[in-house]
Amino acid sequence: MQRAAFFSGGDAQMAAGDLGELLVPYMPTIRVPKSGDRVYKTECAFSYDSPESEGGLYVCMNTFLGFGREHIERHYRKTGQCVYLHLKRRVIEKVPGASGGALPKRRNAKLFLDLETNSDLNNDDFEYEDEAKLVIFPDHYEILLPNIEELPALVTIACDALLSAKSPYRKQDPDSWEEELQASKHAKTLVQLDNGVRIPPSGWKCSKCDLRENLWLNLTDGSVLCGKWFFDGSGGNGHAMEHYKETGYPLAVKLGTITPDGADVYSFDEEEPVLDPHIAKHLAHFGIDMLQMQVTENGLRDNDIKPRVSEWEVIQEAGVKLKPMYGPGYTGMKNLGNSCYLNAVMQAIFSIPEFQRAYVGNLPRIFDYSPLDPTQDFNTQMAKLGHGLLSGQYSKPPMKSELIEQVMKEEHKPQHNGISPRMFKAFISKGHPEFSSNRQQDAQEFFLHLINLVERNPVGSENPSDVFRFLVEERTQCCQSRKVRYTERVDYIMQLPVAMEAATNKDELIAYELKRREAEAARRPPPELVRAKIPFSACLQAFSEPNNVEDFWSSALQAKSAGVKTSRFASFPEYLVVQIKKFTFGLDWIPKKLDVSVDMPDFLDISHLRARGLQPGEEELPDIAPPIIIPDDPKALDIDESSVMQLAEMGFPLEACRKAVYYTGNLGAEVAFNWIIAHMEEPDFAEPLVIPAFGEVASSGAAVFGAVGLDNQPPEEMVAIIISMGFQRNLAIQALKATNNNLERALEWIFSHPELEEETEPALDMMDMENNANANILAETGSEGPRIKDGSGRYELFGFISHMGTSTMSGHYVCHLKKEGRWVIYNDLRVCASERPPKDLGYIYFYHRIPS
């Protein structure tokens, strides 16, 4: 490697002493990464530029943040940091040898010791050429590395530590998504037996027992066997492990997890989940076309033999040649390991103009006013993601020459398209027990989690989540006294029950179930699936009908009574999000999914669901709170599981529902719901229930009915502590509210928002009013209420998110959006024009209001 220092492209060599003198003024700003420091050397903090980008990546030698060429000057001007490590990686196709194999090129492997490789590239055909240099701003002095003799010892140590630093997304917690899987040592040299085994698309069962779940395909001989103690926690008889001990065949893939973007692979030898860079080739050996999610045999696709009924095939439009889409708004997102739920929701969110304007339209201002660590700022990360999806910078069509080469070689050369939302997911899931894990999640729960963060981090004068917000009027009637109570609450999703009793093909369903049981008893393949067909009108009717209120406490009778509740729209949102409640709980408390087809309309009119308020002749229930029942022995209190289930089906975490029912003395789901609304912002909201002492029960119970208060003011002693440090009272209150009254985080929040130090009391009061209105608290009708965008109840469908799999804990999500007059499918990195959008199989639907 040439040892020289260059000035802005010049060629004058500097002596070793000159290099030392050049760096002397900057030595106090150069740090050596310590344990706990996160080094962002794979991704820009403001964009999705990486060392593989044209301009490479600049890593600050003080903060260890990475910046692309477009944003490095911003960081220099803002911080005054001058010394950066510039990383550049070139992906090179290996030169074919005389025998047809690839000739290895000389690779500079020592520099980027722990830099990630692109798993989308076949490492047999491609390799990397790395380059690193120190760059000193503002004059752009460049010092090529390594320069061990010429550089001061501190600089050399800092560079080596930075280059060998681990990924910032790794954690010690084995259940975290940030614990990155490593490629198996067996993947490249795996031997596959030519035994003619072909795997059918369904009807699998363990070859040694009758289990039909948690099945694993051995990638050496094609054996299908049940698991036992694998990383996903599911059970079995351990036949897959026994097979490994007998044969030594090391790798297996879990059936049901195979998507175009990967699959769950386990290494028995390495005793951990692994990556298989050659998984597509290994699956093809057994007739599984990973890219099309189709099984091929004798050259015929499965859909040529029988109609496509598999949910996985229909939703992903398998078997149909889909045209890739490129350009602004057609950028894919990499699946980070069960992160498809995030990808689908964010694609839908950034198809909405209000979110585009709030984050991408305000991008320069957001970036300029971002804190010193932009990786920990919600608005910065939202603006970054929005720009990545909408700019077209990361969605460019292949060159004509590349297309010709692909056709000639009959292969699909990977394109450097799409974005990897690692930094976004790491921040948005921080501290959340579910979204920070590597497990599959419910897209509806993530949508609400995102909206909550948008509400708590306002950008500009308008909050983009206002377009989803609407008021629900709930009319509760005591069946004995006939008196009523009207309340309003804020919501963001219309949840429609699945009216199974209204299926239009009941006879077919009965016949199918009989055939399925017969086939299972005879150990034959199951019959062709028959899916229940549910009219949308029946689901809408079920939504509008009165529901029984379990354990209703009547303030008129001062006792429990029968009660019914009816919900109506007190306002209609600009964008209506409709969830089909396909997920329910089985007898084993495991979430399961109803495999149904609902004929969702392209145009929807719900004007008839407009609320009317208290009607003439109706008498209101007295405004009296039910008594708090606290037993002498708190541990003896039984939890009403029916109320827990009612709340859980609304989408709240199960443990939070159990706490709500416990702390409200089993007074029913309605009272417990009030507790949830008042406590859902607390950090331990979803933590398991811990039975407290008697005094703690009393205080928790009292909090349900007024001790917390709708104003949710921070403790005065915390406010006083921050004021004593020299900050204004309004800033102290705002910081504590933004951090759930955590004093340490509040101080960090203040230092990361210096632009708010001059905020006035009136402006804070206005923000308080908005935050209270946005907190999902039951709101009384009046002048001070949540900001809503009321209007017509007529809507048009523009997008939907679909789920494949048997429960929210497994499966895969894709998103379909209508853009420029045609439907487009977003399946993680794959973005294609949709030919058969499966609108009847969606899970979450997005409608926009039709202008009057």
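Including glycine, each Cβ sits where the backbone N, Cα and C put it.
TrEMBL does not curate its annotations; it predicts them automatically.
Taken from TrEMBL as is:
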- C340: active site, nucleophile (ACT_SITE)
- H812: active site, proton acceptor (ACT_SITE)
- C206, C209, C226, H239: Zn(2+) binding site (BINDING)
- 182-290: domain 'UBP-type' (DOMAIN)
- 331-850: domain 'USP' (DOMAIN)
- 638-679: domain 'UBA' (DOMAIN)
- 713-753: domain 'UBA' (DOMAIN)
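Annotated features, which come from TrEMBL, shown on the structure.
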residue	record	contacts (Cβ under 8 Å, 6+ apart)
C206	Zn(2+) binding site	R212, L215, V224, L225, C226, G236, N237, H239
C209	Zn(2+) binding site	C226, N237, H239
C340	active site, nucleophile	T259, Q440, H812, Y813, V814, D828
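Each of K205, S207, K208, D210, L211, L215, L225, G236, N237, G238, A240 belongs to the same chain as C206, C209, C226, H239, is absent from that list, and has a C-beta within 8 angstroms of the C-beta centroid marking the Zn(2+) site. For the recorded positions given as H239, H812, the lowest number of other CB atoms within 10 Å of the residue's CB is seen at H239. Taking the domain 'USP' (331-850) as a whole, pLDDT averages 81 in the prediction. Mapped onto DSSP classes, the domain 'UBA' (638-679) shows 29 helix, 0 strand, 13 coil.
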